[in-house]
Amino acid sequence: MSTAGKVIKCKAAVLWELKKPFSIEEVEVAPPKAHEVRIKMVAAGICRSDEHVVSGNLVTPLPVILGHEAAGIVESVGEGVTTVKPGDKVIPLFTPQCGKCRICKNPESNYCLKNDLGNPRGTLQDGTRRFTCSGKPIHHFVGVSTFSQYTVVDENAVAKIDAASPLEKVCLIGCGFSTGYGSAVKVAKVTPGSTCAVFGLGGVGLSVVMGCKAAGAARIIAVDINKDKFAKAKELGATECINPQDYKKPIQEVLKEMTDGGVDFSFEVIGRLDTMMASLLCCHEACGTSVIVGVPPDSQNLSINPMLLLTGRTWKGAIFGGFKSKESVPKLVADFMAKKFSLDALITNILPFEKINEGFDLLRSGKSIRTVLTF
């Protein structure tokens, strides 16, 4: 029996309070309005950005259904939807691509003005919500809310992908892989023969390593305080791995000594102000580029000496690896299907959706790279 046009009751992981476990609740998911799409979720990755919300470092309205890295199948569409249809395999896009705003029309940028990232309302683009739990409205997260068996997104925030793609793997293209890989190949534009430093070896950091290798970097120095991640980093392309706790001097000084004055490209993939500064300082003062990839704590500022940039350094950041989401995600999935890169090494744990709290515990303890939840 078709569910199109009807309210669907399903299970979702609701965050009612900060620093508390998720609660698996029965929620009602309203049908999609015009230019919206309702998706049956198949697989969702647990990303550090979701944990930043739980810990209070990333602010979004509560109660909320988190999750933003996922893949699923279109259940139904609202009036006027033309780019996807029921039955299509899709990836929701936490960075939409409306194609009409100033940012979308700029070939060098991807931070579409329809996003709900910078000053989140916790709604879809029309300012309303599609989730309720026992009659209480529940907020959306960055327009996608993938920790639910069903979700509703705007049409400009979903991409149709190859019908043969394995959703439990390509879900990582919805955030972690694309964010890291694109930061190297598209944002920094790593050059052949260059030297790179990558701070943080989670799923996104390892994807940066993969991007540096694909771009032809000669040296890729991986930096993390968890030595258990070094073997995986080397498997994916790191030429050296170092632990800042093994040195008495600041890690940026160690890296400068290792690289004749500094690396060509550095990446901060943790979200800490101290490592952002170390990443900037370790790149060469005359020609280095440092990229902020990790999500920084809310409402905290860095103070720097402008001379660090005057000498020739470049300091930049990007969301989603600089990729324009709706047009790039299908291409990235096609590249995966053509075996241009593998995602297997990034997925360390697969758990049923109901064990979401266990998955977050694995992330917090550093025992997982990516945990994928299956529905």
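For all residues, glycine too, the Cβ spot is worked out from N, Cα and C.
Predicted, not measured: the structure shown is a model, and the values here were computed from it.
What Swiss-Prot says about this protein:
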- Cys47, His68, Cys175: Zn(2+) 1 binding site (BINDING)
- Cys98, Cys101, Cys104, Cys112: Zn(2+) 2 binding site (BINDING)
- 200-205, Asp224, Lys229, Ile270, 293-295, 318-320, Arg370: NAD(+) binding site (BINDING)
- Ser2: N-acetylserine (MOD_RES)
- Ser23: phosphoserine (MOD_RES)
Other C-beta atoms that fall within 10 angstroms of the C-beta of Gly200 (NAD(+) binding site): 27
Local Cβ density at His68 (Zn(2+) 1 binding site) - other Cβ atoms counted within 10 Å: 24
Using Cα positions only, nearest of the binding-site residues to Gly202 (NAD(+) binding site) (His68, Cys98, Cys104): His68
Cβ packing number for Cys101 (Zn(2+) 2 binding site), 10 Å threshold: 17
Inter-residue C-alpha distance, Ser23 (phosphoserine) and Cys104 (Zn(2+) 2 binding site) (nearest angstrom): 37
For Val204 (NAD(+) binding site): intrachain residues, at least 6 apart, with Cβ closer than 8 Å: Cys47, Arg48, Cys175, Gly176, Thr179, Gly180, Val269, Val293, Gly294
Separation of alpha carbons, Cys98 (Zn(2+) 2 binding site) and Ile270 (NAD(+) binding site) (Å): 29
Candidates Gly200, Asp224, Ala318 (binding-site residues) - the one closest to Cys104 (Zn(2+) 2 binding site) by CA: Ala318
C-alpha spacing of His68 (Zn(2+) 1 binding site) relative to Cys101 (Zn(2+) 2 binding site), in angstrom: 22
Nearest recorded site to Ala318 (NAD(+) binding site) by CA-CA distance, among recorded positions Ser2, His68, Cys98, Cys112: Cys112
When distances run from the Cα of Gly200 (NAD(+) binding site) to each of the binding-site residues His68, Cys98, Cys112, the nearest one: His68
Phe320 (NAD(+) binding site) - helix vs strand vs coil (DSSP): helix
